[in-house]
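Data block below; observations after.
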Amino acid sequence: MNPFAHLVHDEATGACISEADEDDGEQLVPDQRPSIIDQRAIVRYFKDGRKKPAIFQQDHPTSLALDSIFAPVGDGDRACYDVTLALDVSKGCGGKIWPAAEVLGEYIASQRSQGQWTGKTMVELGAGTGLVGLLAAAIGQLKASWITDQEAMMDLMVKNLNLNGELRQRCFVGELSWGQPVPESIPSNPDVLLLADCVYLEVAFQPLIETMLEMSTPSTEILFCYQQRRKADKRFFKLLQKHFIFKDVEDDDEARRSIYNREGTRLFIVHKKT
C-alpha cells in the first residue's frame, strides 16, 4: 500500500484520491469507491498456477460464512488456501485487495509451497490488509513472518491476523515507515522480503529504496509485484537498479504470466548488488 496515505487519502469520505502526473497526465491510482468500509472477503489461492485467485466478497460480514485459512483441502495434498480478510479503506488505500497482491499470492501458492522457505524469516512491506504475508505465513513453512505498514493500517492488520488465528504463533504485525530506521521488533535482515503494489507515489520512491537497502543482503530473496500505472514508475526502477538486480520471474505458469503481463502487472525477483 501507499506509505504516505495521508497525501492521497480523503479522511472525510474514506476514498482514495487520484493524482495526475504533471509530465504524462496519467492517474496515480484508480479512483476508489468510498463504500469499502468494514467488509469481509475470502481470497482463495490455488496450488495449480494456471488458476486465478477467487475472491468471495460480502458487504455484510455476519452473512458470510468465514472459513479458516486451513479449511480447503484437496485429495491428499492441499489443493488451495483461503485467507479471510476485513476490508476497509477508511484509514488508507491499503485497506482493499490490489491486483498485485492477487498475482504475488498465487505465485507463492504455486511456487513456494513445497518447503522452499522452511525455517526462514519473512517481512512484507506496505502490507495493507496483510493478505500476501498471511498467505506466505500459512503455506511457506516459514519460521516467522511479519506484516508491516504505517500506523494507520495497524488495526486492520491485527484484525486480519485474528481472523486467521491459526497463524498468531508465527506471524506478527509491525509498524514500519519507509525511510525510517527498522524497529528492533522487526528483523532487519529477513531471508525473504515481499512487496505488492508499493509503487505509485513518487515521494515514496526513495524512502522505499532506503528501507529495501537496510533490510536486505545479496542473499535476500525479494519478490516484487507491481501494477504498471504511469510513465513516472520508470523513475522508481532507475533508482532501484542502482542498488539491485531485478528480472521477471521465470518459474511462474507461462499462460498465467502472459495474462497478468497484458493487464499491466509485473512480478520480479530482486537481489541486492554485491
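FYI, residue positions are counted from 1 along the chain as it appears here.
Backbone N, Cα and C atoms are what each Cβ position is placed from, and that goes for glycine too.
Per TrEMBL, the features are:
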BINDING   Trp98, Gly126, Ala127, Gly128, Asp149, Trp178, Ala196  S-adenosyl-L-methionine binding site
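Fewest Cβ neighbours within 10 Å among the binding-site residues Trp98, Trp178: this applies to Trp178. Here the Cβ of Gly128 (S-adenosyl-L-methionine binding site) has 32 other Cβ atoms within 10 Å, regardless of which shown protein chain they belong to.
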